[in-house]
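Taken verbatim from TrEMBL:
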DOMAIN    1-52  domain 'Sleeping Beauty transposase HTH'
DOMAIN    68-139  domain 'Transposase Tc1-like'
DOMAIN    148-296  domain 'Tc1-like transposase DDE'
Amino acid sequence: MKSKEISVDRRDRIVSRHKSGEGYRKISTALKVPMSTVPSIIRKWKKFKTTRTLPTAGRPSRLSDRGRRALVREVTKNPMVTLSELQRSSVERGEPSRRTTISAAIHQSGLYSRVARRKPLLSKKHMAACLEFAKRHLKDSQTMRNKILWSDETKIGVNARRHVWRKPGTAHHQANTIPIVKHGGGSIMLWGCFSAAGTGRLVRIKGKMTAAMYRDILDENLLQSALDLRLGRQFIFQQDNGPKHTAKISKEWLQDNSVNVLQWPSQSPDLNLIEHLCKDLKMAVHRRFPSNLMELERCCKEEWAKLAKDRCAKLVASYSKRLEVVIAAKGASTKY
């Protein structure tokens, strides 16, 4: 009959006594474990630096080395290939086709199935423009970067998913549900700005934004945000190349108010620092679970104002690293 496994706590005590200089026999007597077990545990600790039970090798795979290499080649050549397609190709080669067998073989090569990130479609022209921008601004002084007022629009929705711990059959218990109101779904579009000194204004865009609406947003919020953040009249305004931003009336307003605009490459969200703050905002708002659009707008403005000034300052201070990554990627998409 198989003997009972010694607990991890007792194994740790064996190692502890060994470290203090006690002999095997004394440890065996004191902890009431077989004499032969003590040196075995100590040898394992010396070799693997742990007393925990190590994973076993398991049953040998029925997949041949040739079949494994073929699978790895297939997923490397086409990362979007599905598991069903891999099963069919494995059958055609006369190899095992179990999904778990195929997945395990691919995992051994360090490849795992993950949801593909959504990134803008970049042409060679877009990548060249991003690369040129990164190189041109890599050596900008921190003083200059601190004068930039970053901006963007973002969409935030209500009724996000939330996981609960519950027993079967209790899905509709009040404690396990999120209260909503009729017609409480939907989302809102927001425009916001920030600098190294903190967050500027955040306003809701009602309906489909037009160039005239964007001009009004700038008129009512841009200069006041720069004033609140003490950027001075020589601040630099960052915006992307959306049609509303580059419309004639928008350009005229910026020129009439002597606003310095940062020349920005198209299709380049990786370069815009405000993307990170928008993500922070969404996470903070979703933790509050607003139930309607009015409550959602209120939560957004409250959480935007709460975003730490240190967070804003660190984002701006790290901009050189971001530009270096863009340069290394030759203007292509990056982790940002």
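Backbone N, Cα and C atoms are what each Cβ position is placed from, and that goes for glycine too.
Automatic prediction, not curation, is the source of TrEMBL annotations.
Averaged across the domain 'Sleeping Beauty transposase HTH' (1-52), pLDDT for the predicted model comes to 87. Secondary structure of the domain 'Sleeping Beauty transposase HTH' (1-52) per DSSP, as helix, strand and coil residue counts: 32 helix, 0 strand, 20 coil.
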